[in-house]
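Asker: Please read through the structure below; I'll follow up with questions.
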Amino acid sequence: MNVRKTLLVASVAALAAFPAIAADPVKIGMITTLSGPAGYLGQDIRDGFMLAMEEGKLGGVPVELVVEDDGLKPGQGKQIAERFMGEEGIKLFTGIVFSNVAGATVPDIVDNDAFYVSPNAAPSNMAGKECNPNYFVVSWQNDSLHESAGQNATNLGYKKAFVLAPNYQAGKDAIAGFKRYFKGEIAGEIYTRLDQTDFAAELAQVRAAKPDVVFQFHPGGLGITFLRQYEQSGLMKEVPMVVAEPSMDGVTLAAVGDAAIGLNVTSHWNSDFDNAANKQFMAAWNKAYNRPVTYYASQGYDAALAYASALKATGGSLDDADAFREALRKADFESVRGKFAFGPNQHPVQNWYALKVEKGDDGKPMLKTVGEVLKDHGDAYAAECKM
Amino acid sequence: MTLFLEQMLNGVQFGVMLFLLAAGLTLIFGIMGVINLAHGSIYMIGAYAGTWVAAETGSFWLGIPAALAAAAVTGAAIEFLVVRRLYGRDHLDQVLATFALILIFNQTITILFGRQPLFVSMPDVLGGSVELLPGLVYPVYRIAIIAVGLLVALGLYLLINKTRIGMLVRAGSTNREMVRALGVDIRLLYTLVFGLGALLAGLAGFMAGPILAVQVGMGEQILITTFVVVVIGGVGSIRGAFFASLILGVVDTGLRAYLPGLLRQVMVGPEADALGAGISSMGIYLLMAIVLLIRPKGLFIRNS
């Protein structure tokens, strides 16, 4: 009895003496895709984000990252967001990989005065008319991925392109984005299926149309399948290919191997970028994880840096939402891609680069940066955004 | 003309691939009355085991026995541990249990191999392409798939029609109770059939490796199409599964190849492309619906 009393008194005294230590960490809710074939995307975003957390802190403020798998289901993403905001009282969100999940989840988050920093998906509607002061994107606007590929094909002097993408919104956006910046003629246009496993019928049509160049958008496993079959059909030797980064990330490259050599890729980031932030990121990645790095990981890392910059500016306080928003908008952090700023719709204004798949020194194919494609490129929807 | 021939070859190749999966599924469904959703998982396990062994040993050929063994062992284990308890239950219980197996296998593979798709190499003999006819260039590997598929079909034909086991299998798919009443060890027959189905699925998985992405969930992508084959061909009929696979492969490929072009004759380009892609992705299901209307038991089952 006495002992218990003494302990109680002691602990009360201890609490009174060090009030600051008892402060709860700032919670950050990460809703991302961790299961299924696309699970590696969410995994890389999560692991990239965690690399930026030094000893559980972002910008010197203790944070707690709460991660949940949306299973690539829009409904599930929305439910998790509601639970995070209700039960857990989370105010800061990030993580969503896919545009369809983002479309169902993000409006709910920002309408409840919470913040969302997108490490990947940025559909066109949310960049234009439906933009929101609490919605930030550190990756890119979806279209600009493919606009850069179109510009790259134009720069490389191709006149006649054959384009292929899956028959869903992102696929249609991809083709529209490519056409916006490709100055040549379109020799053919095919919409494939999202669950397609065999592309022989499409490849035969490509061969028959005899284009100068093929542009295709097939993310994840679809892209691996497409590239393998393209190479096996002998087309890689006849018709060069231009793609944007979703069709050729570090993981796709490791799975496809030599079949990808000669491929033209456009990206806003590459592992060989020569800046201090990127070198630090790459060193940390290679130390922590024994697997190929993808641009998804770099985006997760940048999302964490963005939150870190705002948390540092407000000293970890979220009470004044306007001050936090202002701090976030400044983009006061060293992005791993180099130059970075938010445009008027809080989407990135950044450079796009041409990469080429070549044989590296160790004999394995690697993505090498060969030049710049677009400078200080924003997106086509910023003008429609009234904030 | 060469383009048309090439597209037909593509259709046959796709059909042959479907047949390897559908053969096992239709036998299991037809003889044991079990809906085995985990069939796609066995396909995935075959692909992973074969690809992993091929990568570790550096020999593509060693991957084949590894894929077959892994698939057959998994199949027999599923039958012994789970499915055996479900023969008497209704289909909903079977669907639940085998769906749980899909989740378990997917997660196990994720833990073992990670979420990244595997790299698959191909032997030089099978790489590249050959000119079959002037102007008709076709990948060697796809020709090999067609050859293996047709050989398997022939082997199954002989097994089902010329052997004692085949006789029991045929009898089992027509009247299970009678076979049991005649004193046949139906349990052994079930395990054998399940193992055989798994073996074929594993073979299909390994052969698909070099042309598809070897990744978690690869089985579910193709499982639905396989069920369509089983329904069109008639449950329990290997012959039905064979012809239905080929029909489906050719129809699906033909629609994808020619429908957008045909629609473009009557409407503007982008709309024709989108509509064509939409209809061609529905094509096989429309075909299934029509078959179900006209011959509810499938194309190759005699209505009695």
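The count begins at 1 with the first shown residue.
In case you wondered, yes, glycine gets a Cβ from its N, Cα and C as well.
Whatever TrEMBL says is automated annotation, not expert-curated.
Annotated transmembrane segment per TrEMBL: B:12-38, B:58-83, B:95-114, B:140-160, B:188-216, B:222-251, B:272-294, in sequence order.
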Asker: Should the transmembrane segment (B:95-114) and the transmembrane segment (B:12-38) be scored as in contact, given a threshold of at least 3 Cβ pairs under 8 Å and pairs 6 or more apart?
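Answerer: Contact between the transmembrane segment (B:12-38) and the transmembrane segment (B:95-114): present, because at least 3 Cβ pairs are under 8 Å.
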Asker: Count, for each of B:12-38, B:58-83, B:222-251, B:272-294, the Cβ pairs lying under 8 Å from the transmembrane segment (B:188-216), and report the range with the highest count.
Answerer: B:58-83
Asker: Under a Cβ pair cut-off of under 8 Å, which of the recorded stretches B:12-38, B:58-83, B:222-251 contacts the transmembrane segment (B:140-160) most often?
Answerer: B:12-38
Asker: Counting only residues 6+ away from its ends, which parts of the chain sit with a Cβ under 8 Å from the transmembrane segment (B:222-251)?
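Answerer: For the transmembrane segment (B:222-251), the list is 8, 11-19, 21-23, 25-27, 29-31, 37, 39-40, 43, 153, 156-157, 160, 173-174, 283-285, 287-288, 291-292, 297-301.
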